[in-house]
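Colleague: Handing you a structure now.
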Amino acid sequence: MAAGVAAWLPFARAAAIGWMPVASGPMPAPPRQERKRTQDALIVLNVSGTRFQTWQDTLERYPDTLLGSSERDFFYHPETQQYFFDRDPDIFRHILNFYRTGKLHYPRHECISAYDEELAFFGLIPEIIGDCCYEEYKDRRRENAERLQDDADTDNTGESALPTMTARQRVWRAFENPHTSTMALVFYYVTGFFIAVSVIANVVETVPCGSSPGHIKELPCGERYAVAFFCLDTACVMIFTVEYLLRLAAAPSRYRFVRSVMSIIDVVAILPYYIGLVMTDNEDVSGAFVTLRVFRVFRIFKFSRHSQGLRILGYTLKSCASELGFLLFSLTMAIIIFATVMFYAEKGSSASKFTSIPAAFWYTIVTMTTLGYGDMVPKTIAGKIFGSICSLSGVLVIALPVPVIVSNFSRIYHQNQRADKRRAQKKARLARIRAAKSGSANAYMQSKRNGLLSNQLQSSEDEPAFISKSGSSFETQHHHLLHCLEKTTNHEFVDEQVFEESCMEVATVNRPSSHSPSLSSQQGVTSTCCSRRHKKTFRIPNANVSGSHRGSVQELSTIQIRCVERTPLSNSRSSLNAKMEECVKLNCEQPYVTTAIISIPTPPVTTPEGDDRPESPEYSGGNIVRVSAL
């Protein structure tokens, strides 16, 4: 027997650790051909230079996606025998892991927009994200959607009015963003002042102000000084009425505006006044009017337009509507249950105030909210026990949705703070750019007007002085860019003030060729980097600009372009500021307006140029194209 055990024991041990099966048959041959076939199915995915290797069968598990279908062959490169994708390799790691494990995860450190773009490119839907990451993904996506909506609203109610905006759109923009104009800001503060005055008057008119002659009882201030309070209320209601009518007239959608909460508050705030004007002196009718006057207190909600904190609180309550609904439903159930229990528990007591189940509602509400007024208390032992349970259950029911509400309030508050910070940074950045460009353009136009550029071009010894006067590197490059635009195009830069004062006149003159130093042949910092084109020698007649106009240089914002028949003209730019001999009136009733923005100046490059230049065209007239915002 021992010999038999010794014969099969090694096989049992080998089978236990997975070396060989228990069967006594011969071991099968290794799958050499299958392994070779599997190695041939190993594919390489090159994602922006990062190589990933996986099996073809792994990708073909999901044939409805890009990598699992034959569409990936469009990205195959036979030279490298790789599939190349110009995408984000960091996010692609998580996408490839989905093919390997069948679970898609969301990397919390990645941008939600970039992640959605990668999923859409590879044909994956966000709904397959694992449960461990799906809630985080939904929260980040909701925050991003709210941020984009906030940015869109900011762009729509931006500080700069678009030229295509109608008067109605401008009025609505002024109401929604009062800081766009001075008048809108003044009206904003005036309405806020009258809201405060109306609320204070509504409170003060109930304060006793002493007894009047013939009355023993003290009269409230609203009755003793009825005329003064009526005039004050009339002034407030007139302001509120004008504001409501203007908002209604300027609203993009009047139907949506009328149905909005703030519109209903505005109507409720002013409606009691107009009802009181048409009321009779009948005491029964006036009693109903006194009841309506309580709605004047709703004017305090008009402060929500002037308070960011109130708006955030409103957004929080709106976003927590489901949690608040759950809280109300839970409290209602608990109130009904405990009121019924307390009624039957106290039914046997003669001194009990629990006369009915509706009467017990007051006790359960006060107890569950942990107020405890003490006007109704249980007398029996059973009533005290159930009252204690009611108090503890109220604490639990109310405390459950509170963290959710606080979390939503904190999220909305910080999101609003970030949006304000982004708007402030954007405003400061645009202000710095405008200041830099305006200063550079003003310096350029002033130097042209004073003839400094042409004086500097007369001798090469003065170039260091010109460089020292040019200011910062940004200003130097901006001057160089303006000079290149004047050289390569038939444009001349003039300021807005001179353009308006010139009465839209342009002069043409034929002069012989001159070899005098010109603006186009400047070397050094302002030397050209652009090929020479046919040039014009006309100008807006700004040589006669008075000293006062010279001192107040406007922002460079006008380019005059004349596209007419060409005739030989002098190729010299030395007479840039010379007076014209002939003036031609232009038909400017229908000017063409185009917008252009120059943001990247061209670096200076020194290019030697000779005196042999092609002749420049002569311009006898044509339409003027004003290119603004340069």
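Glycine is no exception: its Cβ is also placed from the backbone N, Cα and C atoms.
As the structure is a computational prediction, the values presented were derived from the model and not from experiment.
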Colleague: What range among 71-90, 131-150, 451-470 does Swiss-Prot record as region 'Interaction with KCNIP1'?
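Modeller: Residues 71-90 are the ones Swiss-Prot records as region 'Interaction with KCNIP1'.
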Colleague: Validate this pair against Swiss-Prot: Ala250 and Ala321, same side of the membrane or not.
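Modeller: Same side, per Swiss-Prot.
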Colleague: Could you let me know which of Ser472, Ser521, Ser552 shows up in Swiss-Prot as phosphoserine?
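Modeller: Annotated as phosphoserine in Swiss-Prot: Ser552.
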Colleague: Look up Ser514, Ser520, Ser531, Ser572 in Swiss-Prot and give me whichever carries the note phosphoserine.
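Modeller: According to Swiss-Prot, the phosphoserine annotation belongs to Ser572.
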Colleague: Which residue among Ser69, Ser211, Ser307, Ser575 does Swiss-Prot mark as phosphoserine?
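Modeller: Per Swiss-Prot, the residue annotated as phosphoserine is Ser575.
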Colleague: Could you work out which of the recorded positions (Thr370, Ser438) has its C-beta surrounded by the smallest number of other C-beta atoms within 10 A?
Modeller: Thr370
Colleague: Sorry to bug you, but what's the C-alpha spacing from Cys132 (Zn(2+) binding site) to Leu371 (K(+) binding site), rounded to the closest Å?
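Modeller: Each residue's Cα considered, Leu371 (K(+) binding site) and Cys132 (Zn(2+) binding site) end up 41 Å apart.
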Colleague: With pairs closer than 6 in sequence left out, are the transmembrane segment (381-403) and the transmembrane segment (322-345) joined by 3 or more CB pairs under 8 Å?
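Modeller: Yes, since the transmembrane segment (322-345) and the transmembrane segment (381-403) share at least 3 Cβ pairs closer than 8 Å, they count as touching.
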Colleague: Going along the chain, which residues six or more apart from Gly372 (K(+) binding site) have their CB under 8 A from its CB?
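Modeller: Result: Val366.
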Colleague: Near the topological domain 'Cytoplasmic' (250-256), which same-chain residues lie under 8 Å Cβ to Cβ, leaving out any that are not at least 6 residues past its ends?
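Modeller: Residues 168-169, 171-172, 175 contact the topological domain 'Cytoplasmic' (250-256) from elsewhere in the chain.
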Colleague: How far is it from Cys111 (Zn(2+) binding site) to Ser438 (phosphoserine), counting Cα to Cα, in Å?
Modeller: 37
Colleague: Expressed to the nearest Å, what is the distance separating Thr370 (K(+) binding site) and Cys132 (Zn(2+) binding site) at their Cα atoms?
Modeller: 38
Colleague: Counting across all protein chains shown, how many other Cβ atoms sit within 10 Å of the Cβ of His105 (Zn(2+) binding site)?
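Modeller: Other Cβ atoms within 10 Å of His105 (Zn(2+) binding site): 18.
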